[in-house]
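A short write-up of the structure that comes next.
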Amino acid sequence: FRRFRNSLSERFHQLWLWHKTLKIIGGEFGTSVLSYFIFLKWLLSFNIFSFLINFSFITVPQFIAAEPNNLSFTGLELLTGAGYFQQTALYYGFYTNATISKTENGASYNMQLAYIFTVGMYFVICLLILLISMAKSFCRNFINPQIYSGNASKLLCTWDFNITNEKAVKLKQKNLSTQIKVQNTGDAKRCSNMTDGHPAIVPPHQLTDQSVQLLLLFLCRNIILKISIIGILCYYWLDIVATSKSQCWETLIGQDIYRLILVDFIFCLLGSFFGEFLRRIIGTTVFVSLGMPEFDIARNVLDLIYAQTLTWIGILFSPLLPGIQMISFFIVFYVKKVSLMKNCQPPRQVWRAAQMTTFFMLLLFFPSLTGVLAVIAVTVWRLKPSEECGPFRGLSSMFAAVSEWIKILENYTGSKWVVWIYNNLITSELFFFILSTIFLIITYLYWQIIKGRKTMVKLLRKQIVNVGKDKVFLLRKLHLQQREKQNPSVPRGQDQQVSFIVQIFLFQLHVHYDSMGFL
C-alpha cells in the first residue's frame with residue numbers, strides 16, 4: 001500500500017507544469033540556476049491567473065455588446081499592435097460603458113464596475129500572495145540560519161526515502177552531486193590558502209556571502225536603471241499622452257506597452273543566441289581558454305522583472321496583455337532551457353538559492369509592484385478618462401464609477417455594510433495610516449529578530465573557536481608529556497611536524513563544525 005501511495009504521489013507531481021524539466025535542470029546545474037526557472041514559472045502563474053479573470057469577467061461579457069470590426073488584418077499588427085487590433089478586446093477603447101443585459105428585464109452586468117473591480121482585485125491578490133510568499137521565504141531562509149548545512153548533512157540527511165521511481169532517484173542523485181561539487185569549489189579555494197605548511201582558515205560562508213553581495217549589487221544597480229526607464233515612460237504617458245487631445249489615450253498607452261513587451265521578448269531571444277550560443281562557439285573553437293559560458297542569473301532575472309512590470313502597468317489599458325506575456329514566458333522558458341543545456345556550464349560561485357529567491361521576490365515587490373500600484377492609483381483617481389471610448393467615458397475619473405455606485409447602494413437597507421466599508425475604510429486616510437503602522441511594526445520586529453539571531457550565531461562561532469583552541473592546547477600538552485616520558489631528546493623538526501599536525505587538526509575541526517551547520 002505504501003509503495004502504491006508513493007507511486008500515486010509521484011504521478012500526481014508529474015502533472016505539475018515542467019515538473020520533470022525542473023528536476024533535470026536542478027540535477028545538471030544546481031539550485032542557483034534552478035531558482036531562475038522557478039521564478040519564471042511563478043511569474044507565469046501570475047499572468048495565467050490575470051488572463052483567466054480578465055477574460056472571464058471583462059472580455060466575455062463584452063462580446064455580447066461588441067460591434068463588428070471593419071478594419072482589415074494585414075499581419076503588420078503583430079509587430080505594431082495598432083490597426084486591426086485597435087478595435088478588438090485587446091485594448092481599453094473597445095469596451096462599452098453601458099450596462100449589458102441579454103434580455104430586456106433580465107439580469108444586467110455593469111461593465112464599469114466589472115472592469116475596475118476585476119483589475120483592482122487582481123492587484124490586491126497579487127500583493128497578498130507576494131507578501132505572504134516573501135514572509136514565508138524570509139522566515140525560512142533568514143530568521144532560521146541553522147537550516148544551512150554542509151556536505152555531511154547533504155549526504156546523510158537530505159535524501160527523500162519516499163522516492164521509488166528509478167528516474168527520480170537518478171535525478172535526485174545528480175542534484176545532490178551538483179550541489180556538493182559547487183560547495184567543493186569553495187572548499188578548494190579555502191584549501192588553496194594553505195601556505196608554508198600552515199592552513200589559513202577561511203569560513204565557507206564568507207566566500208558565499210562575497211559572491212552573493214556582488215550579485216545583489218549588480219541586481220540593485222540594474223534594477224534601478226530599468227525602473228528609471230519605466231518611470232520616465234510613465235511620466236510621458238500620464239502627463240503628456242493622457243492630457244493630449246487624442247481620441248483614446250488609454251488605447252495609445254496600451255499599444256506602446258504592447259510594442260515594448262514585444263521588443264523585450266525579441267531581445268531576450270537574441271540574447272540567448274548571441275550571448276550564449278555564439279559565446280559557446282567562440283569559447284570552444286577560437287579562444288579555448290574562455291570555455292563555455294555560465295548562465296547569467298542576474299541579467300535573466302532582471303529581464304523577467306522588467307517584462308512583468310510592463311505587463312502589470314498595461315493591464316488597465318490592455319486587459320488581455322497578460323495572455324500575450326503568458327505566451328512569451330512559455331517560449332522564453334523553453335528557449336532558455338535548451339540554451340542552458342547546450343551552451344552553458346554550471347556556475348562556479350557558491351550561491352544560496354533559497355536566499356536568492358527571497359531577494360527576487362523583494363525586487364518584484366519593491367520597486368516593481370509598488371511602483372505599478374502608484375501608477376495605477378494616479379490613473380484611476382487623478383486622470384480624466386477619454387470622452388469617446390472605454391467603459392469610463394464621460395466620468396471625471398475612473399474611480400467616480402465606484403462613487404456613483406455607492407450612492408445607489410445608500411438607498412438599499414441590505415447594502416448598508418458596503419457603504420460603511422467604503423466610507424470608513426476605503427476612503428479613510430486613518431485606516432491606511434494604521435495599516436501602514438502595523439506593517440512597519442511587524443517589519444521592525446522581524447528585523448530585531450534577525451539581529452538577535454546574528455548575534456547568537458557570532459557568539460556560537462566564538463565559542464566553537466575557543467573550544468578548538470582548548471583542544472589544541474590540551475593536545476600539545478599531552479604530546480609534550482608523552483615525548484618527555486618516551487624520549488627526552490626529540491629533534492626540533494619533529495616538534496614542528498607535530499605542530500603542523502595540530503594545525504591540520506584545527507582545520508579539520510573547523511570543517512567538521514561547518515558540515516554540521518554551525519558555521
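Cβ atoms here come from the backbone N, Cα and C positions, even for glycine.
Per TrEMBL, transmembrane segment is recorded for 46-64, 76-94, 114-132, 214-238, 258-274, 310-335, 356-381, 430-447. If you look up TrEMBL, you'll see 248-354 marked as domain 'TMC'.
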Do the transmembrane segment (76-94) and the transmembrane segment (214-238) share at least 3 Cβ pairs under 8 Å, sequence separation 6 or more?
no
Decide whether the stretches the transmembrane segment (356-381) and the transmembrane segment (430-447) have at least 3 CB pairs under 8 angstroms, with pairs required to be 6 or more apart in sequence.
no
Residue counts (helix, strand, coil, in that order) that DSSP gives for the domain 'TMC' (248-354):
81 helix, 2 strand, 24 coil
Is it true that the transmembrane segment (46-64) and the transmembrane segment (310-335) have 3 or more Cβ pairs under 8 Å, skipping pairs fewer than 6 apart in sequence?
yes
Could you check if the transmembrane segment (114-132) is in contact with the transmembrane segment (310-335), meaning 3+ Cβ pairs under 8 Å among residue pairs at least 6 apart in sequence?
yes
Residue list, the transmembrane segment (310-335) vs rest of chain: Cβ under 8 Å, 6 or more residues beyond ends.
18, 37, 40-41, 43-44, 46-48, 50-51, 54-55, 58-59, 89-92, 95, 115, 118-119, 122-123, 126, 230, 234, 250-251, 253-254, 257-258, 260-261, 264-265, 268-269, 272, 368-369, 372, 375-376, 379-380
Over the domain 'TMC' (248-354), what is the model's mean pLDDT?
90
